[in-house]
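Under the heading substrate binding site, TrEMBL lists Ser10, His70, Gly146, Phe147, Gly148, Gly149, Gly177, Gly197, Ser198. Taken from TrEMBL, the feature divalent metal cation binding site applies to His35, Asp37, His70, Asp175. Taken from TrEMBL, the feature active site, proton acceptor applies to Asp37. What TrEMBL records for Asp175 is active site, proton donor.
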Amino acid sequence: MAYSAKIGPSILSSDLSCLGSECVRMMECGADYLHLDVMDGHFVPNLTFGHPMVECLRKSVGQDPFFDMHMMVSRPEQWVKPMAAAGANQYTFHLEATTNPGNLIKEIRESGMKVGLAIKPGTTVEELAPWANQIDMALVMTVEPGFGGQKFMEDMMPKVSWLRSQFPSLDIEVDGGVGPDTIHKCAEAGANMIVSGSAVIGSDDPRSVIALLRTAVSEAIQKRSLDR
């Protein structure tokens with residue numbers, strides 16, 4: 001199995017007035033990558049930040065942190081080049097936001113970024129399947145995108161299980177309501193990239209929460225390889 005446990009704090013949950021230092025703090029606490037939520041006020045009702053912010057963050061934190069851009073935007077094609085130039089490492093777009101996923105995947109690759117493909121709770125995993133061999137990561141949303149602090153949707157776990165059975169080496173990310181209380185369900189279903197916002201960043205001890213999440217996923221991966 002080519003995949004491993006990776007924990008990515010969602011930096012939108014941090015104090016946005018000191019985002020650079022918050023990113024550094026998360027990496028020092030053991031984060032494997034940083035999850036950056038870009039919302040345009042169209043695809044989702046909220047508005048966050050765009051590539052100028054990403055460029056400033058990259059300058060502030062250096063080249064090491066892996067930036068996983070979760071593009072909750074209605075025209076994902078528009079931002080591929082600006083995000084690549086700003087220093088993004090992975091461009092995760094929503095299947096629901098484009099009529100030509102194949103073209104977009106190609107464009108992201110050509111710009112030097114990894115490709116993530118996300119689906120909302122209402123989208124079936126079968127709709128993502130035709131693209132699974134062309135992407136680096138599938139993101140199964142475990143809340144409706146656009147707002148933090150929502151309740152984890154356990155009924156999304158069959159999507160994760162199905163993807164893991166069909167595409168055994170694919171990176172599968174879950175995002176929304178994931179923390180110590182829900183991690184075991186995600187890990188058992190087969191998710192290996194874990195986005196966690198308030199559970200990590202709002203914690204008094206983010207390091208121990210990150211370690212707990214990683215341990216749960218690593219143990220599930222190990223169990224799966226023994227069960228094969």
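Placed from the backbone N, Cα and C atoms, the Cβ positions cover glycine too.
Apart from the site residues His35, Asp37, His70, Asp175, the chain places the Cβ of Gly8, Ser10, Leu12, Leu36, Asp68, Thr92, Leu139, Val195 no farther than 8 Å from the centroid of the site's Cβ atoms, the recorded divalent metal cation location. In this structure, the CA atom of Gly146 (substrate binding site) is 11 Å away from the CA atom of Asp175 (divalent metal cation binding site).
Counting only same-chain residues at least 6 apart in sequence, those with a Cβ under 8 Å from the Cβ of His70 (divalent metal cation binding site) are His35, Leu36, Asp37, Val38, Thr92, Gly116, Ala118, Leu139, Pro145, Asp175, Val195. Around the Cβ of Asp37 (divalent metal cation binding site), a 10 Å sphere holds 24 further Cβ atoms from the protein chains shown.
For Gly177 (substrate binding site), the same-chain residues lying six or more positions away in sequence with a CB closer than 8 A to its CB are Thr142, Val143, Gln150, Lys151, Phe152, Met153.
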